[in-house]
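Engineer: OK, Swiss-Prot features for this one:
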BINDING   40-46, 68-70, 337, 363-365, 445-448  GTP binding site
BINDING   41, 68  Mg(2+) binding site
BINDING   41, 331, 332, 333, 334, 335, 336, 337  substrate binding site
BINDING   41, 42, 43, 44, 66, 67, 68, 69, 163, 177, 256, 271, 335  IMP binding site
ACT_SITE  41  active site, proton acceptor
ACT_SITE  69  active site, proton donor
């Protein structure tokens, strides 16, 4: 085919550039990614909210309604679990990718709850787009999650501390190839019903105490199918068009965080999906060259919900102070978060996996009252420094953390709006983190509102 006839199969005039290797590479829009760099609850929602104001599409690529994001707009506090928090931007499309698992009652409940709070969600059904390849969480997945946790407690004396939202069981169904997807729900409902009954029976045989009202469930699912049908699209084609069409700002909102990743987190005390950068490609169906900036969100100290190793944890007055001042309670579970010092070993590890282009440092104001601040800089095992982050939980529980002590600033920073206005020692704390990690800090959070995010560049 001659050049003047153009290249076939390039939608919306996508440009084909010959590369050195002679292959054709598509030049198009790129996605901006926001990821948690610790154990979650870093304030990703706030960074997303900031970027979502200029976004055309805001995506979720993994997890389910086990995530919890809080966004404050015009003094109204919205809580998001499954919906991309960017849905409050009236001009953006909120896209739920194939890597996300969807509990339909939870989805509609969440939307309706937020609708009552303010104007942010008006017209949300017209702005939501769901990948037809996304798996569905059924009520029996959630019930099985609770039973599994109970069994772990009885058999091993400890559970995983899951949110009981059915996330583990539905990803298990997906891997076992017995799961059902949005495309099944919105096409032939009688075929869907047969497969649903089969899956329900399998769960009943695995968990005899499970009570499943099959007909009642199917009746509800049929109602949801009618409501959700206009939102369901071929996600791969939809994003391909968006990436290779006219200029667009596409934002990806990561749920959970690096240390909760199924592969790279503190296994087994992790979630059931990849919440590191690889999950963006597999959870949306986009190639790696479509990934642009990757922003890591880091709390100025460290928190963790539930059990699992936590090297810099402070079971003392400092930990209690961070917990109280930081209002450290989980958005999804209401559980108290464990608190400790910032851990640079953990952050270097998160950076190795994600390749952060810049960081957002949140909740710096919580440290305002401290006269000195410690930062974990290295780990030792049996007196020897180790260069890596241990995979084995028993080993991680045994590490001895070496700390660097930095001077505090004993000054209220809540009303600071530029980097220059920060107390000298607060600036030093920020620059120290940048230097140690080799990643620039782009934002600093000193409060709950949109305005309290200081942008450095």
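Here the Cβ of each residue, glycine as well, is placed from N, Cα and C on the backbone.
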Engineer: For the binding-site residues listed here, 46, 335, 337, which shows the highest count of neighbouring CB atoms within 10 A?
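Structural biologist: Per the Cβ count, the most surrounded site is 46.
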Engineer: Hey, how far is residue 40 (GTP binding site) from residue 256 (IMP binding site), Cα to Cα, in Å?
Structural biologist: 5
Engineer: Return the single residue from the recorded positions list (69, 336) that has the minimum number of other CB atoms within 10 Å.
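Structural biologist: It is 336 that, of the recorded positions 69, 336, has the fewest other Cβ atoms within 10 Å.
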Engineer: Based on Cα coordinates, which of the following binding-site residues are within 10 Å of residue 337 (substrate binding site): 41, 46, 70, 256?
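Structural biologist: Of 41, 46, 70, 256, within range: 41.
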Engineer: Nearest to residue 333 (substrate binding site) by Cα, among 66, 163, 364 (binding-site residues)?
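Structural biologist: Nearest by Cα distance to residue 333 (substrate binding site): 163.
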Engineer: Could you state, as a whole number of Å, the largest distance between Cα atoms of any two of 41, 42, 43, 44, 66, 67, 68, 69, 163, 177, 256, 271, 335, the listed IMP binders?
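Structural biologist: Max span of the IMP binding residues, Cα based, is 34 Å.
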Engineer: Find, among the binding-site residues listed as 256, 333, the one whose Cβ has the highest number of other Cβ atoms within 10 Å in the structure shown.
Structural biologist: 256
Engineer: Pick the one among the binding-site residues 40, 43, 68, 334 whose Cβ has the fewest other Cβ atoms within 10 Å in this structure.
Structural biologist: 334
Engineer: Just checking the binding-site residues 41, 331, 335, 336: which sit within 10 A of residue 69 (active site, proton donor), CA to CA?
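Structural biologist: Within 10 Å Cα-Cα: 41, 331.
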Engineer: Secondary structure at residue 40 (GTP binding site) (DSSP, helix/strand/coil)?
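Structural biologist: It is coil.
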Engineer: Rounded to the nearest Å, what's the C-alpha distance separating residue 43 (GTP binding site) and residue 163 (IMP binding site)? Just drop the number here, would you?
Structural biologist: 19
Engineer: Report, in whole Å, the straight Cα-to-Cα distance of residue 41 (Mg(2+) binding site) from residue 364 (GTP binding site).
Structural biologist: 14
Engineer: Around residue 41 (Mg(2+) binding site), how many other C-beta atoms are within 10 angstroms of its C-beta?
Structural biologist: 28
Engineer: Could you tell me which of these binding-site residues, 331, 364, 446, has the fewest other Cβ atoms within 10 Å of its Cβ?
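Structural biologist: Counting other Cβ atoms within 10 Å of each of the binding-site residues 331, 364, 446 gives the minimum at 331.
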Engineer: I'd like the Cβ neighbour count for residue 66 (IMP binding site), meaning other Cβ atoms within 10 Å of its Cβ, all protein chains included.
Structural biologist: 28
Engineer: For residue 70 (GTP binding site), which of the binding-site residues 163, 256, 331, 335, 336 has the nearest Cα in space?
Structural biologist: 331
